[in-house]
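To start, the structure itself, in structure tokens.
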Amino acid sequence: MFRNSLKMLLTGGKSSRKNRSSDGGSEEPPDRRQSSVDSRQSRSGQGGISTESDCAFEPDYAVPPLPVSEGDAEQELGPPPSVDEAANTLMTRLGFLLGEKVTEVQPGDQYSMEVQDENQTSAITQRISPCSTLTSSTASPPASSPCSTLPPISTNATAKDCSYGAVTSPTSTLESRDSGIIATLTSYSENVERTKYAGESSKELGSGGNIKPWQSQKSSMDSCLYRVDENMTASTYSLNKIPERNLETVLSQSVQSIPLYLMPRPNSVAATSSAHLEDLAYLDEQRHTPLRTSLRMPRQSMGGARTQQDLRVRFAPYRPPDISLKPLLFEVPSITTESVFVGRDWVFHEIDAQLQSSNASVNQGVVIVGNIGFGKTAIISRLVALSCHGTRMRQIASDSPHASPKHVDANRELPLTQPPSAHSSITSGSCPGTPEMRRRQEEAMRRLASQVVAYHYCQADNAYTCLVPEFVHNVAALLCRSPQLTAYREQLLREPHLQSMLSLRSCVQDPMASFRRGVLEPLENLHKERKIPDEDFIILIDGLNEAEFHKPDYGDTIVSFLSKMIGKFPSWLKLIVTVRTSLQEITKLLPFHRIFLDRLEENEAIDQDLQAYILHRIHSSSEIQNNISLNGKMDNTTFGKLSSHLKTLSQGSYLYLKLTFDLIEKGYLVLKSSSYKVVPVSLSEVYLLQCNMKFPTQSSFDRVMPLLNVAVASLHPLTDEHIFQAINAGSIEGTLEWEDFQQRMENLSMFLIKRRDMTRMFVHPSFREWLIWREEGEKTKFLCDPRSGHTLLAFWFSRQEGKLNRQQTIELGHHILKAHIFKGLSKKVGVSSSILQGLWISYSTEGLSMALASLRNLYTPNIKVSRLLILGGANINYRTEVLNNAPILCVQSHLGYTEMVALLLEFGANVDASSESGLTPLGYAAAAGYLSIVVLLCKKRAKVDHLDKNGQCALVHAALRGHLEVVKFLIQCDWTMAGQQQGVFKKSHAIQQALIAAASMGYTEIVSYLLDLPEKDEEEVERAQINSFDSLWGETALTAAAGRGKLEVCRLLLEQGAAVAQPNRRGAVPLFSTVRQGHWQIVDLLLTHGADVNMADKQGRTPLMMAASEGHLGTVDFLLAQGASIALMDKEGLTALSWACLKGHLSVVRSLVDNGAATDHADKNGRTPLDLAAFYGDAEVVQFLVDHGAMIEHVDYSGMRPLDRAVGCRNTSVVVTLLKKGAKIGPATWAMATSKPDIMIILLSKLMEEGDMFYKKGKVKEAAQRYQYALKKFPREGFGEDLKTFRELKVSLLLNLSRCRRKMNDFGMAEEFATKALELKPKSYEAYYARARAKRSSRQFAAALEDLNEAIKLCPNNREIQRLLLRVEEECRQMQQPQQPPPPPQPQQQLPEEAEPEPQHEDIYSVQDIFEEEYLEQDVENVSIGLQTEARPSQGLPVIQSPPSSPPHRDSAYISSSPLGSHQVFDFRSSSSVGSPTRQTYQSTSPALSPTHQNSHYRPSPPHTSPAHQGGSYRFSPPPVGGQGKEYPSPPPSPLRRGPQYRASPPAESMSVYRSQSGSPVRYQQETSVSQLPGRPKSPLSKMAQRPYQMPQLPVAVPQQGLRLQPAKAQIVRSNQPSPAVHSSTVIPTGAYGQVAHSMASKYQSSQGDIGVSQSRLVYQGSIGGIVGDGRPVQHVQASLSAGAICQHGGLTKEDLPQRPSSAYRGGVRYSQTPQIGRSQSASYYPVCHSKLDLERSSSQLGSPDVSHLIRRPISVNPNEIKPHPPTPRPLLHSQSVGLRFSPSSNSISSTSNLTPTFRPSSSIQQMEIPLKPAYERSCDELSPVSPTQGGYPSEPTRSRTTPFMGIIDKTARTQQYPHLHQQNRTWAVSSVDTVLSPTSPGNLPQPESFSPPSSISNIAFYNKTNNAQNGHLLEDDYYSPHGMLANGSRGDLLERVSQASSYPDVKVARTLPVAQAYQDNLYRQLSRDSRQGQTSPIKPKRPFVESNV
């Protein structure tokens, strides 16, 4: 109800407002509306009712509860379809908000008329079922209708007010717009209740006229049940099905009903009744009437629901709307629940054969022809019972008269079951033949039944079943309930306008359109789309002849409707209809096959059917056997004689046999003689015999005759209460008592069967006919008098005290006319009987005008009743609710109902009354083409020149619609009078307008006629002017026809001399009119008649520009072919291409460019086509233009570039496209992006991507600038929905910055950035990892350990974190002990480190760097090589994280692990998501980021060869102290970018990201290793030897923990000449290392820095299996790298490694390493493990703490898994990689934002606002002199390297990095490692940085390798004492190389390399070996930790 009320508010408001004119008019207050249908109905006369329910057409129908003034209630005809929708939506929302409370709304006020309880219940019910009854219309009358079954609602039997007001009956809903589900539901509930109390109330009833008796008794239960049943079960259909709970409430709800007379009745027999849809309420009611079978009977799905009566407000969040269509509930009294079905198999077989035949003339349907009682209905019902609607048979079949509903067996079978063939001895069935044939016939029947999707029974005594609107509505309702057509049901739910099209209201207005558009077209479309089964479907229609009894004066009967529609039926939708033999002519227009059931002589099968039935009856009843056996026994002879006698008498009538056997069974007929004389000879005699037995005396029949008269006269079944009141309405005194009435009714119970809705229906139509009419010669005994019945019904209506509703008024008129009681009085009284009848009706009701204008009476008018209404005083100029509130005359003129128009004109209707649109009846008739009505109206002096509100006269309307005859007539009419009066509008104007109208619509005949008008008088009649424009539209005939594409008219006009260049009023010539619409054929015609193809309009536009602007490709091509100039400009300087771009027509743009249009043309404002395309926002057009040479950085005169325009217009796809194409982000871009979060994300992501790219190339400084610039541009507020995305992006930027800072030896800043990231994302293990790395680099081991422990908690499985943790723990231990001399060098591994330890710290560092560089490089190379294949596979690595190195990557989807732990696959091609490479999260978080990000970020960059790399080897020479400032050749840039040598492998990050890239890390490595190896010093030592200076070996001192060694930057000169000796000898004990580092720091600040740089730069220089410089296989190195210790050899123990490494790491060296690794090893490297196992293995191998952090986790490993293990996360990598990662992962994001090429270091620093100096000092306390340099950007330049910044080496970044890698030192390698860790590692996944994993991984891997190599392989002494120079130097080199090598390789290496890094030599060898191994092992790191971090 709530919903109803809502609907009322919505609709009601509208409709009722509009309709208010009809009924009481007042709209209900909202609450009332809410109240429910009930309330509506009950509401006093509220039109609202009608409004509310969908069905109600007019409030008229609505049962106005209280007297309402006429005029108010009419509703608009067409309910806005949206009401339901709106109501549903609102209700849904309210339901969600209020939950169950909604139902609790106090119904009290709502139903003021009812008792509170009842009200509430009904309210609930109603609330629940908002559908209007109309929809649900059942076959029964509305509750308020006198005939309605529904109990009246009024409590008081006599209550006058209540009369209709309280009725909840669906009827009232009828009025409502929809079908009235609501009412229906309501009624159901009421009915249920009523039924419940029916018994009691009946007892209470007094005999008097008290209504109460009938009220309560009135089948409350039945209707309720029925309703409930149907609705609840079967009808889950109802819009809001009633929740079961309603049931209960309903039951309790209203026991009392309204007086019958108060109930609305259906239309008149003619069916013309105007009853509102309300009228349908009857139907509704019937539809929902309770089943007589009792609630217990299993109903469709009703079962359990019913029982729970707490249905109450379970509608909690309010049920979503259900279908608002309600099927009629049919009940066929002749078919009882005990009926059996015998024979007829041949019929089904024949039907099946005909429907399947290929003969189109007969396969569309079958007509079953037979006389009354021959079993037609039984055949239909048998198919229904076996069909999907079989459960409804329980409603259709009546209970047997003997069975009381209470005792119905719930489980009993459906009616019409076939009897068991137990009596096969006598039963031959109808099957002539064998069991096989019988089986086939049985199959045919079942096959037919399975195809049945809808059915309809026409019943003459239930008028609604005979009306076309109900037929259409019912069929649609059943179709959508058919399981085979669920797609149709879904479509109706999806498209509410279809439901509104099928609402009863729409069906009344235009049943053909409703059926065609609501049923046939949707089904046809669904069938074409293969959404419904590809099989035949069948609709069954029984009793077409019955519908003819209610044929309307205007409109179709069901059979004529089908005859018109059958041509539109799809071939797979078949009909099976039945018709009586006497009326079979009505079906002659149906192209169906006919089957006759009454040709007994011709068809042996009929005889066998009869025989089988006789056998069945005799064998199933011992009584029959006893009564027909002559001597107590039955022999075959007797049987044969009897059966042949009965068959002969029956002539084929099953009904005759059934009734005869019933008489025999009951003993009324005893056949003791063989003459069988006692057997009645016909059906008529059977009825006579029955009546004689029932009414032995005439007086006994006279007692019941009035009841029969009323039943016969009624239009629909009446309840006992209604009949009782009607009987008493005929007597003034001495009324019949209720008990007496009940006795009489009991006597009639065998003839008037009580239906489930408690109404009474004749047992069979033939009995009803027998009571009314007899054939000649038949006895007239028991003949009834229908006139008397009509009289009683008319009196009953007249004596009702409340106001009758429209439907009842129409019925009253019908009964008055049929009663004709004044016949013969006119002469006596002197007054015409028609006047007296008019007085009668006028005294009986007030709503005459509303009744006259009711929807049904408008569309299917009853002329006689309408005349009576007019005589009674109805307003003939009454405004209806249709056609813009047009007067009745307008509507009838529009519909073409000549008799009604004549009637209205006869009574003086205003001939010029207009609707709200200004149209008069003449205009409507002319527009519809009804010449006869036009003539009638013109005779009544209708104004010919009347203009409607659009300025159109009747002549124009006729011309617009092509009605030539009407045009001719109107032109010949007399216009003089009107013309003179108006003075303005003349006939000539009208003719000119008519010419234009006809030309525009293509009516050549009218155009020709108007041009050839005879000119009788030049002055008065002007012929139409062919070149003039009209005064209405301002068009000439040619411009109008050309613009509408009317080719024939254009030809005609040109032939008649129309000027081809004649413009219309707006100055447009025909050529432009037609070009604008794209009619190239007419363009051709005009050009052939001399039009200029390059003609320009006022704005200078040519036809080509117009066509391009409108996107008409065909016309553009045609014009170009005709020589149109492509270079012409309009007045603004725009060309055709400019226009096409401005409107985004790609196909036209392509065509114009292909034809030579200039893509760089600038208009007068300097805007190129690209500017205009960017403004429009079509990315494809932009892409096309850029690909075809458009200047992407073109600036127009207002200083705007295409990118700025796209940003300003928020065209994200264009922004992404332009950024991908290299557009620069300038100040204007940022300004335009303000307050556009989606654009900001794209731009920031682009910056990030650029930073990642620089980082990958090792240009850490540039990368830092980018990140800092991005942070600077970060919006300060207003993130809105994108808050999470921005936060993730910022975290990634901060982590990336931290990584870069660390690589730049600005440890303080690095730490601060990581801390800021933690503030934003406290649970970020990547941030902890990054901070730990920064702290470790600045030798705050304890603090680093703390952060690592936090990280490992957050991500326990992260190997990088575990590795680093081990190292840091080891370093802490080492710091605590005085520096211990490094363990004796292990074979070769340690030797290099130890050998040189003391000689020179610097040297050592350099050596280390060299080693690391070479080994790393080699490893990287090797790894890359190995990786190449595996890189793609790497499971864990989020590929996405690194920007694609090469274009191929773009295509490949990158997978990145999301921080959440889920992997995301990014297709870089797709431009939808923008994630920073670093963070997956980004991508996932904000797909908004924009495709651009993905694409551009990930777009692989072409491989670059960095000069350094190109050189065969890198020459690392530690720069002098100041060297740090110098830029070292970086290891090969990202593999992609590298020269062929380096191309082999991208950094691991990239690798992972780019697995698909052509430049695979492997290849890169291979090339690198191949080319470099030869050139490289054979061993890092040799490189060191080459270095210009070597650090003197400092005494080994315990490194001070507090002291942060600033890595000395060793200038590693990659020389082609190996210096093995030096390298090998350089091994510095740990202590020495520390000291050296310290002293070096002070001595060589810059050199340390340099060293650091080189160290970090260490590239995995794995040769593919090559030997490291000194000849050792790179594999080992690679392995160690992977493991995280680049130089560690297997020989080295983990502990050793850790010690050395830890000091080394702590030392400046370490820092340097980090950068190197970071760069080359993206997180992807480390993480890249083929499997977790690999990672684990590698981690174990790496062993060193550093390694641990480096340890790759399989990137593929689930981030979730990783997450669980906090240790896994590699915070180190994380910080950097995160940043980087972020960019890679949100590839698009990073790429998208292009940082300004130059970032000032200061600016980047500023962004973070972290004091560099403090950071430096902190990090480089020990190296104080150096630290400033390192920390300071000034020295940074030197180290700008490929190092991935913060591990952010997006693929792109990496790719780009690589090229730089060669050039730059790998200082960033370490940071890469870090990077790797953070985002890449799965643990990190959660963080957005996880996106970057690939790059991070590689970085990490490098880093790890580097660290491992440096720390592990180099002696710790070396590390420390040289200040890590060695590490930085040799290792750095190695690392650098590693980093340079593809990240993947690094990762692999990391995995594969042993942790032992003790000796550089070993390391180198290992590296070379490892690199080989790396190559060998797929580098698909699963998602190395780094990767995930990244």
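Backbone N, Cα and C atoms are what each Cβ position is placed from, and that goes for glycine too.
Among the features that Swiss-Prot reports, phosphoserine is placed at Ser169 (among others).
Look at Swiss-Prot and you will find Ser238 (among others) tagged as phosphoserine, backed by a large-scale study or a structure entry.
For Ser294 (among others), the entry in Swiss-Prot reads phosphoserine, with the evidence type a large-scale study or a structure entry.
For Ser400 (among others), the entry in Swiss-Prot reads phosphoserine.
As annotated by Swiss-Prot, compositional bias 'Polar residues' applies to 419-431 (among others).
DSSP labels the residues of the repeat 'ANK 1' (846-878) in these numbers: 19 helix, 0 strand, 14 coil. What Swiss-Prot lists as repeat 'ANK 1' is 846-878.
If you look up Swiss-Prot, you'll see 884-913 marked as repeat 'ANK 2'. Mean pLDDT of the predicted structure over the repeat 'ANK 2' (884-913): 94.
Sequence-distant contacts of the repeat 'ANK 3' (917-946) (same chain, at least 6 residues past either end, Cβ-Cβ under 8 Å): 883-884, 886-887, 889-896, 898, 901-902, 905, 911, 952-955, 957-958, 960-961, 963, 965-966, 969-970, 973-975, 978-979, 982, 985, 987, 990. Look at Swiss-Prot and you will find 917-946 tagged as repeat 'ANK 3'.
Look at Swiss-Prot and you will find 950-979 tagged as repeat 'ANK 4'. Same-chain residues lying 6 or more positions outside the repeat 'ANK 4' (950-979) and placing a CB less than 8 Å from one of its CB atoms are 917-920, 922-923, 925-929, 931, 934-935, 938, 943-944, 985-987, 990-991, 993-995, 997-998, 1000-1001, 1003, 1005-1006, 1009-1010, 1013, 1020, 1032.
Sequence annotations record features per position, and here Swiss-Prot assigns repeat 'ANK 5' to 990-1019. When the repeat 'ANK 5' (990-1019) is classified with DSSP, helix, strand and coil residues number 20 helix, 0 strand, 10 coil.
Sequence annotations record features per position, and here Swiss-Prot assigns repeat 'ANK 6' to 1033-1062.
What Swiss-Prot records for 1066-1095 is repeat 'ANK 7'.
If you look up Swiss-Prot, you'll see 1099-1128 marked as repeat 'ANK 8'.
What Swiss-Prot records for 1165-1194 is repeat 'ANK 10'. Long-range contacts of the repeat 'ANK 10' (1165-1194) within the same chain: residues 1132-1135, 1137-1138, 1140-1146, 1149-1150, 1153, 1159, 1200-1203, 1205-1206, 1209, 1211, 1213-1214, 1216-1218, 1221-1224, 1471, each at least 6 residues beyond the stretch ends and with a Cβ under 8 Å from a Cβ of the stretch.
What Swiss-Prot records for 1244-1277 is repeat 'TPR 1'.
Feature annotation from Swiss-Prot assigns repeat 'TPR 2' to 1291-1324. For the repeat 'TPR 2' (1291-1324), the DSSP-based tally of helix, strand and coil residues reads 27 helix, 0 strand, 7 coil.
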Residues from the same chain, set at least six apart from the ends of the repeat 'ANK 7' (1066-1095), whose C-beta lies under 8 A from its own: 1034, 1036, 1038-1040, 1042-1045, 1047, 1050-1051, 1054, 1060, 1102-1104, 1106-1107, 1110, 1112, 1114-1115, 1118-1119, 1122-1125, 1128
Composition by DSSP (helix, strand, coil) of residues within the repeat 'ANK 6' (1033-1062): 16 helix, 0 strand, 14 coil
The repeat 'ANK 7' (1066-1095) - residue tally per DSSP class, helix then strand then coil: 17 helix, 0 strand, 13 coil
